[in-house]
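To start, the structure itself, in structure tokens.
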Amino acid sequence: MENKKKDKDKSDDRMARPSGRSGHNTRGTGSSSSGVLMVGPNFRVGKKIGCGNFGELRLGKNLYTNEYVAIKLEPMKSRAPQLHLEYRFYKQLGSGDGIPQVYYFGPCGKYNAMVLELLGPSLEDLFDLCDRTFSLKTVLMIAIQLISRMEYVHSKNLIYRDVKPENFLIGRPGNKTQQVIHIIDFGLAKEYIDPETKKHIPYREHKSLTGTARHMSINTHLGKEQSRRDDLEALGHMFMYFLRGSLPWQGLKADTLKERYQKIGDTKRATPIEVLCENFPEEMATYLRYVRRLDFFEKPDYDYLRKLFTDLFDRKGYMFDYEYDWIGKQLPTPVGAVQQDPALSSNREAHQHRDKMQQSKNQSADHRAAWDSQQANPHHLRAHLAADRHGGSVQVVSSTNGELNTDDPTAGRSNAPITAPTEVEVMDETNCQKVLNMWCCCFFKRRKRKTIQRHK
């Protein structure tokens, strides 16, 4: 092919040659001659549907199968690149239950791109849908699955370190895994078994905070190295968040982020488990007491923890039928999903202007605690409304970039340039990433109820 004049804003104009395989690829891809941005040989990039601590998320389409996918894009010049590491962790995890499938990783112009399975709404989105309280039955069905999910992650020599409702998603409506709770976003994960020595990482103190302050373990607040016990304690805090509707350490005020995180940690330590779990089954307190007493190196007894909740589940006479509290409700269809809101489409410029104004007002937002050389990024406008409810604030960006065909949201030729959101160093513990935290887009107004085999 003849050399073309260089253009700083465009990648290679050639269409990548078709390939039947997906996975890691070192060949760069970019805009085709038709102006459509491509990732790999067969993934077309569509509209922006969200952003996170990696960069931004785009809707995509596999041109070979006509299936929609999620495409994570991270600037190659990122100060703390993590997408390649996350890809390696996904490959390490393989195809376990509730683990998103990864289809491709490779360069895309000035970006690294990872193509993943597209999932449904997050537990935080569904929590909002259910008036911010889950029933005991729903929490137990979630808990039983997530203990197994975390056990699987740990079995692959990884600790997760980022427990929060926004990182647990149901499957896409109509999919056979639509009621399975998936775990996503391994940007903060870490190997706790040294791959060379095969030994557990050493115990250390004076570590910087990594994770989401609202849910992280007490030992993490104290600067102790995280291990398997901390993932399970964070899950316990999240379970109580679902049952109670909020946690005692939410909404604390302080002059600085450091003081705020200190207050959160102090309040966690000062809140007896009996008080935190008051008016709820004793098993909730038993769970937290057990995980908080674990030694740094100790392997948790996952079967014991699961049995706590399965026995309670059976004693209450519940059936594991996946009839969650949100079943029968209309699932959220966020701005930027496949189904365009006509009003939003016709008033795109007004919405973009509003989003820019909101972004300028929230530059000093205190968002989730993600030190350890990690990055954070602005989130969707809906998150701002939720953050107000919790006394927090977040940065906002528009997620409606690009004019896209309503029949095929990845077919647009006038997508706005992919730009990296403003980088900041810390984020507030409210971490209201909402619908667009990862690839949680809903493509159908109503879901089909479908009973699937019980997950352990």
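Positions of Cβ are set from backbone N, Cα and C atoms, glycine also.
The feature compositional bias 'Basic and acidic residues' is assigned by Swiss-Prot to 1-16, 348-370. Per Swiss-Prot, the feature compositional bias 'Polar residues' maps to 22-35, 395-417. The domain 'Protein kinase' annotation in Swiss-Prot covers 43-314. If you look up Swiss-Prot, you'll see Ile49, Gly50, Cys51, Gly52, Asn53, Phe54, Gly55, Glu56, Leu57, Lys72 marked as ATP binding site.
Overlay of Swiss-Prot feature records on the structure.
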| residue | record | Cβ within 10 Å |
| --- | --- | --- |
| Ile49 | ATP binding site | 29 |
| Cys51 | ATP binding site | 26 |
| Gly55 | ATP binding site | 25 |
| Leu57 | ATP binding site | 24 |
